[in-house]
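Asker: Got a structure for you, written out below as structure tokens; questions coming shortly.
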Amino acid sequence: EPYYLMESRDFELDPLEEIGKLMESLSITYFPEEYKLTVYNPLDPYNSIAGRLSKGMDDADQKVILDSIKEYNELVTKIHQENGFIKHLKEKKTISRAFVHELLNQMYSRAVSPSVQRLRKYEAFSNNVYGELLPNFLSKAFDQVGLSSKSTFIDLGSGVGNVTIQAALEYGCESYGCEVMENASDLADLQHQVFNERCKLFGLNPGKVGFFNHQSFVDNPEVEAVVSRCDVILVNNFIFTPDLNREVIKLFRNLKAGTKIISLKNLVPAGHVVEFDDIENIINKFKVECFALDNGSVSWTDRGGIYFVSEIMGEINPDFLTVYRGRRSNPKAESEELVVKRS
């Protein structure tokens, strides 16, 4: 791939930084053992190609930069001629998480960053305010709920498609997204295209990816059909109105036992108890746990917080069958009963 070795005017893409990160992540994943440290040596960084490139960047030494890139390209050619990459990859069952995250960053830089201003055109304090969950948090949460290549996943309110693509790429699962906002949907379509191109370039076989873009999940039979067979669901409901949260619960009415839902706000209303004229409500089967959200997990703040993992039980949660005195009159107190766990 050709690079223009100049800083982007909006600083969304630094080509030299990307080249360095790519050298590091590719050495970990694709290079035979005998060549890994030649490219990237974390214990002796300047005694490696990536380390010399980094020093050349720090010193603004064009000759060192170009010599490092040339040395790397010559090494790639040598290994390719030896059929070394093919032999090495035949023995690998997984790819490194660092490489996955770097690949996600590349896709975003090419598909979304040039038009990122379009994502800031929304009605403030509405359901359509845009924000992103970041890769490190998603990897942690997906590990937590047991996402795997056998899973089916959907992100409700999938924005530019980051979460859907990460699930398919990192875990190999069947992965879907649904997004109503026009600008985000357009960029998701573009990022999906870049995703397919990058996977082909690096010889990756991710899980199936599908998007319901330019459409709402509310009263959407096609989305509900996918949701009903999902093993893991993510909904970034941080700014959802109560009405939209109720629509989300309606969408979950046919979820199977064992399905897990990751959300930023508790989907179970404070003070919820079983109403015997509404005993079939899927909320009655929710088992909710609250976890600490690390700093740097979301795009709209560096601060941490909390998130929730809800599991659909096979029967009514007995906690919702007991009405404590005064609980219905003090829902805030009940919401604070959830213990924040550190995973």
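Note: Cβ is positioned from N, Cα and C throughout, glycine not excepted.
Under the heading S-adenosyl-L-methionine binding site, TrEMBL lists 130-133, 153-162, GLU179, 216-217. Residues or ranges marked as domain 'DOT1' in TrEMBL: 1-325.
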Asker: So of LEU133, ASP155, SER158, GLY161, which of the binding-site residues has the fewest other Cβ atoms within 10 Å around its own Cβ?
Answerer: LEU133
Asker: Count the Cβ atoms, other than its own, that fall within 10 Å of the Cβ of SER216 (S-adenosyl-L-methionine binding site), considering every protein chain shown.
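Answerer: For SER216 (S-adenosyl-L-methionine binding site), the count of other Cβ atoms within 10 Å is 17.
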Asker: Where does GLY161 (S-adenosyl-L-methionine binding site) sit in the DSSP three-state scheme?
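Answerer: GLY161 (S-adenosyl-L-methionine binding site) sits in coil per DSSP, no helix or strand.
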Asker: Work out the three-state DSSP category of LEU133 (S-adenosyl-L-methionine binding site).
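Answerer: Note: LEU133 (S-adenosyl-L-methionine binding site) is in a strand by DSSP.
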Asker: Averaged over the domain 'DOT1' (1-325), what pLDDT does the predicted model reach?
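Answerer: Over the domain 'DOT1' (1-325), the predicted model scores a mean pLDDT of 91.
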